[in-house]
Amino acid sequence: MNSRVHQGHFARKRFGQNFLNDQYIIDSIVNAIHPQRGEAVVEIGPGLGALTEPVGERLDNMTVVELDRDLAARLQTHPFLGPKLTIFQQDAMTFDFAALAQEKGQPLRVFGNLPYNISTPLMFHLFSYVGAIKDMHFMLQKEVVNRLVAGPGSKAYGRLTVMAQYYCQVIPVLEVPPESFTPAPKVDSAVVRLMPYAQPPHPVNDIRALSRITTEAFGKRRKTLRNSLGHLFTVDVLAEMNIDPTLRAENITVAQYCQLANWLTAHPQPQEN
């Protein structure tokens with residue numbers, strides 16, 4: 001049988017589909033999520049239901065967001081899951097999680113085996129809804145999880161790290177080998193838990209400033225701050241904040257990036273003509 005066919009469904013490469021089939025890993029993920037009746041649980045990309053079924057067994061109802069119309073149709077007619085599911089056949093990148101949380105009257109518990117080809121932009125989409133989310137559990141490419149949990153000074157530390165750790169407490173849960181999937185991906189995977197802060201430890205006054213600074217600093221990560229952010233902060237301003245201008249983007253802590261963002265918000269740059 002073609003290695004891309006699983007349970008009669010042909011894995012669509014353009015959707016980044018790899019289906020989880022390792023029962024030990026499935027049980028470990030479900031136990032980590034620990035779904036409870038009465039909670040507003042949302043799965044992104046349920047696929048063939050490897051996680052949907054065991055999670056759904058513990059719930060009276062749940063919401064799924066599935067782009068693939070064939071998979072959405074399969075879930076709709078699932079013998080015991082079907083009646084429990086509210087299915088949105090759409091791209092999670094366009095899904096309004098705040099509207100769903102408002103409808104449910106409580107913050108959402110979101111989980112999923114995310115398609116690796118869109119995992120990073122999808123994480124940024126979800127960060128814009130953290131006020132509507134209680135927690136998130138995701139299977140991701142191990143390299144992405146390493147970036148989420150990285151500390152300053154490591155090669156994995158980047159813009160995704162800073163933004164994720166600004167919004168959430170990030171906790172690695174378990175590693176998942178390629179053979180746990182059909183078809184087996186060429187990379188290792190891992191599960192991560194993200195718990196949005198009720199109040200960020202280092203609040204910023206305008207998130208757009210933090211987004212801009214991290215984009216520009218890590219866009220030139222081999223340059224020193226004097227060069228990558230020199231158009232925004234003078235050496236003297238950096239010194240006032242006890243930030244060494246000879247350091248690179250990967251050496252600056254989340255707290256320091258937040259400090260820079262608040263300074264920039266308080267000292268708006270003149271508009272260019």
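Including glycine, each Cβ sits where the backbone N, Cα and C put it.
Sequence annotations record features per position, and here Swiss-Prot assigns S-adenosyl-L-methionine binding site to N18, L20, G45, E66, D91, N113 based on sequence analysis.
Annotation for the binding-site residues E66, D91: lowest Cβ count within 10 Å of the residue's own Cβ, D91.
Across the annotated binding residues for S-adenosyl-L-methionine (N18, L20, G45, E66, D91, N113), the two most widely spaced Cα atoms sit 20 Å apart.
Applying an 8 A CB threshold to same-chain residues 6+ apart, the list for L20 (S-adenosyl-L-methionine binding site) reads I26, G47, A50, L51, N113, M139, V176, S180, F181.
Classification of N113 (S-adenosyl-L-methionine binding site) by DSSP places it within a strand. For G45 (S-adenosyl-L-methionine binding site), applying a Cβ distance below 8 Å and a minimum sequence separation of six or more within one chain yields V65, E66, L67, A92, G112, N113, L114, P115.
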